[in-house]
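TrEMBL has this to say about the protein:
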- 12-29: transmembrane segment (TRANSMEM)
- 358-379: transmembrane segment (TRANSMEM)
- 435-454: transmembrane segment (TRANSMEM)
- 460-485: transmembrane segment (TRANSMEM)
- 566-584: transmembrane segment (TRANSMEM)
- 907-925: transmembrane segment (TRANSMEM)
- 932-951: transmembrane segment (TRANSMEM)
- 963-983: transmembrane segment (TRANSMEM)
- 1004-1025: transmembrane segment (TRANSMEM)
- 1037-1063: transmembrane segment (TRANSMEM)
Amino acid sequence: MNLIRFALRKPISILVLVAGVFFFGIGAVKDIKIDILPKMNLPVIYIAHPYGGFTPDQMESYFAKGYINILSFANGVKSVETKNIQGLMIMKLTYYENTNMAQAAAELTALANRIQVIFPPGTQPPFIIRFDASSLPVGQLVLGSKIRSNNELQDFANYYVRANFTSIPGLLSPAPFGGSPRTIEVNVNPDLMRSHNMTPDQIVEAIRLNNQSAPSGNVRIGDINYLTPTNSSIKEIKDFEKIPLFKGSVQNLTLGDVATVKDGADVTSGYVLVNGKRSVYINIAKAADASTWEVVNKLKAELPKIQSTLPEDITLSYEFDQSVYVINSVKSLVTEGVIGAVLTGLMVLLFLGDKRAAFIVIMTIPISIIAGVLFLKLFGQTINLMTLSGLALAIGILVDESTVTIENIHQHLDMGKPKAVAIWDACKEIALPKLLILLSILAVFAPAFTMAGIPGALFLPLAMAIGFSMIVSFLLSQTFVPVLANWLMKEHPKIAHASGMTDDEAEFNASGLTSASEKNQIDQKREMVQRVDLNKDGKISFFERFRIRFMRFLDRLFPYKRATTLVYLIGISMLAGVLLMSIGKDVFPKVNSSQFQLRMRAPDGTRIERTEEMAILLLDEINEMVGKEHVGISSVYVGQHPSQFSINPIYLFTAGSHEAVFQVSLKDYDVDMEDFKDDLRIRVKNILPAVKMTFEPIELTDKVLSQGSPTPIEVRIAGKDKKRNEVYAKKLIERLNKIAYLRDIQIGQPINYPALDIDIDRTRAAELGVDMDDISRSLIASTSSSRYTEKNSWIDEKSGISVSVQVQVPLNQMKSKSDIGEIPVLKNSLRPVLSDVATITPTTVNGENDNLGAMPYITVTANIHKTDLGTASDDVSAAIASIGELPRGLFMETIGMSTVLSETLSSLQVGLLVAIILIFLMLAANFQSFRVSFVVLTTVPAVVLGALLMLTMTGSTLNLQSYMGIIMSVGVSIANAILLVTNAEQLRLVNGNALASAREAAALRLRPIIMTSVAMIAGMLPMAIGHGEGGDQVSPLGRAVIGGLLFSTFSVLLILPVIFAWAQEKASTQSVSLDPEDQESIHYISVLKTEDEN
């Protein structure tokens, strides 16, 4: 009340404060960072450790287990997962919540440096990166050329394009995708090498001895200090061929006699196809504290400058731009906000017939939203999908505060009071109930501050957006609205009332209403209930007729108070429970996106050239299905990332040369993507029967929520015995194949990777004068590259770039087992060759070894077709249970999005329950009655039923967004109930009649409750329809609010008065005060009587 008095006494001060908030709010709107998702702050760190040429088993044994052992000394580590493929180990460390991640990263770096001593010789330091939603790519910078190779484009991308990124604050990018590092290739001819009795290792040693990075010294001659550089490092590439292969020998043999040398690239392990042609792209990511929109805009602004540094034949384009989504969502919010505000104003105008009042209500909406953005910025939040949802939701509820105030002012003006008195009385009367309403709405979002993990990271920004806007709206309704009402609204003329025995009055009197005199505030209210207002034509208005019929219906329910209450509470609760059990459940609403990501798996070990051919066939099939003109862009990564770029698999993981990952963006093509995917599956099965495929998340929200899982359904089978894991994985697949809506069911790792097992007989080798070092060094140079065993570099003096020199036998020279068996292993001798000391046996091995801690595991993955995640998770859990008791030491569990779904819904359900308990206790403290508090909360089952019914009817699921809508509508429903029950209890304490008080309160609050509910429903309609960018993801929120409000409005107006009349029928009107000095306390009366008797 002091706030209201201050506003009325110092209106200019209020205008100044509002103008100041609006001014600084506009500045915040311009400056606040725009992102796709909130700062997730997930406690996750990745380690990527390469060692070229090592098998998955070697990476697991030498690196993964070494790290796991030393990480026992790390603080706060919750779980450790590793993926081991050829030449690379990736480790994911998940920490407990509230761990100091900066300290954790520093500690991890120190431990990683310490453990390097136990790793194999030549081990490079690992890449250690904190990786969460903020690190995910927000687009791709694609380089293309009609005349240059991928390897040339790779160099331009790596050394020229990425060099310009330093001028763009907040931009991060890994190494380019699609090319191989530039290399000086020394391609050995095996026949020529054998003809000179040489081994590959001799050639490697000759290069090492003749191409060295030797330091220069100084010579002081006279007064001059001379540098003494030598040509120890070869200057020109052609000079490599002049390197002598023997020292002190009459045989004049040079490198050019047994090998060719060229400026080329490392052995190709993977490349990119953009629109079906080989190309290179750079993933664009941003720093955690940077704005996605700002980073992308600055990059686009820099593109002409970057383009000018490249040859004219190289083109640059920015594709798969994720930032467009969020800015279009902002535009949609503005559009929805304008539409919602206009519709709200029309509702106020319809019910009150006052244009000035409607203008006042509309004015508070943009001020509240802008002020909400200001406070979001001050608290370090950004404009993102969740805060946008909160602001969009707030638009619908913001009208509640101002609408209730304006309507109450109209009520007091209708009493015939002077305008200033009416405004003061109206605002003073509802000050406490409105504070309770605000606290109740804030209470339903209070659990957001205690939620952890992904649910907390997503829910908290939404709750803050709503909370800030609501608080500002409340303050405006207590200050700004009374000031504007005094300045803009007009005095009400005398209202004509029905008199005589007209038909209208007869209908009115038949409703049971009678006349009453005006005595005090309560009497004035009762008089308003008991009279009928006429319009300008002297007839009963439409709303008065509606009110009369409403009161008649209510009177029919009052005789059955007990039965109505029990039927309502039991029936509504049971129906809500049934719907809650049957409704589909998802983490986030499904989006019919025009983009999709697909992983194609050829048979394990397929050569990259064959995988590329299959990928092009699949691309052609997509083009044929949708029409080439409807494919905006396609990007395919074929094969495995080079081990030099070990950080790249963190962004896009592939297990080997047999895999290809497609990213396709369609344009002007309206189709149900679920049907499209099913059609594509059928086509691929026909043209590529040996190929497996699976669709993966491409939307950033799905990638974050999946926590790295490639599909919605992922089951982990963990146990020490890898073969037994495989057996039980196949048992699970048999059961999952019986679930009709599951697609792409497969084991997630290559477990039958072809291999040639080379078993060396050490005794035989020793007899022939060779050892394991001789054999392995010759074998490595022949089957991969000498860079794994001997580091050698050449400086390109034109560019100043250091390039690796490596000896290799061309891939086309190793065509069979016999070619491998003919590799010479003894220097200066034609024999022995590898087959003399070893047996070569075809076999299969694991192409990828995954571990949870030290426990090996494999996964079974599956996609869902037109079914919600909750149903699928339940059916998969039932399939796991049907396997029966698992052997000791074997574990089977669902992971990924199923786990996130369970955690999210559990957190939200517990949060809602906690919120209701908080509201109950707060109301009990206000009313000094637990019974009255319970009456207020009886509207909650109707809200839940209405929201669930609306979601079911519109085909929406119960997810994070729709749950927010339910929570919001619970808050609004309780707000309406507080208004009605507060009036009813005030009247009951005066007249002692609970039924009459409930009846009169329902009549008094009929118009404001209908106004606020209809206005909020109108404000939510644009969101519920779901048009515009991101509409699919926020529409369930609006639908839940509308459904909840529709049912809660009926329950508040028709059922709540009946419950109140029954619950308070025998309640005392005396105060519960225990203070003997309180005049309203029964103990005060007892004290007086005692004193009189004495």
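Positions of Cβ are set from backbone N, Cα and C atoms, glycine also.
Among residues of the same chain six or more beyond the transmembrane segment (566-584), those with a C-beta under 8 A of the stretch's C-beta atoms are 867-868, 870-871, 938, 941-942, 944-945, 948-949, 951-952, 957-958, 1051, 1055, 1059.
When Cβ-Cβ distances under 8 Å to the transmembrane segment (1037-1063) are tallied for each of 358-379, 460-485, 907-925, 932-951, 963-983, the top count falls to 932-951. Contact between the transmembrane segment (435-454) and the transmembrane segment (12-29) is not supported, since fewer than 3 Cβ pairs fall under 8 Å when only residues 6 or more apart in sequence are counted. Ranked by Cβ pairs under 8 Å to the transmembrane segment (1004-1025), the stretches 12-29, 460-485, 907-925, 963-983 are led by 963-983. Away from its own ends, the transmembrane segment (460-485) comes close to residues 3-4, 6-8, 11, 14-15, 17-18, 21, 38, 357, 360, 363-364, 367-369, 371-372, 375-376, 379, 381-382, 384, 386-391, 393-394, 397-398, 401-402, 404-406, 409, 419, 423-424, 427, 431, 434-435, 438, 441-442, 445-446, 448-449, 451, 964, 968 of its chain (Cβ-Cβ under 8 Å, at least six residues beyond either end). Counting Cβ pairs under 8 Å to the transmembrane segment (963-983), the top-ranked stretch among 12-29, 358-379, 907-925 is 907-925. Outside the transmembrane segment (12-29) by six or more residues, the chain places 6, 367, 370-371, 373-374, 376-378, 472, 476, 479-480, 483 with a CB less than 8 A from a CB of the stretch.
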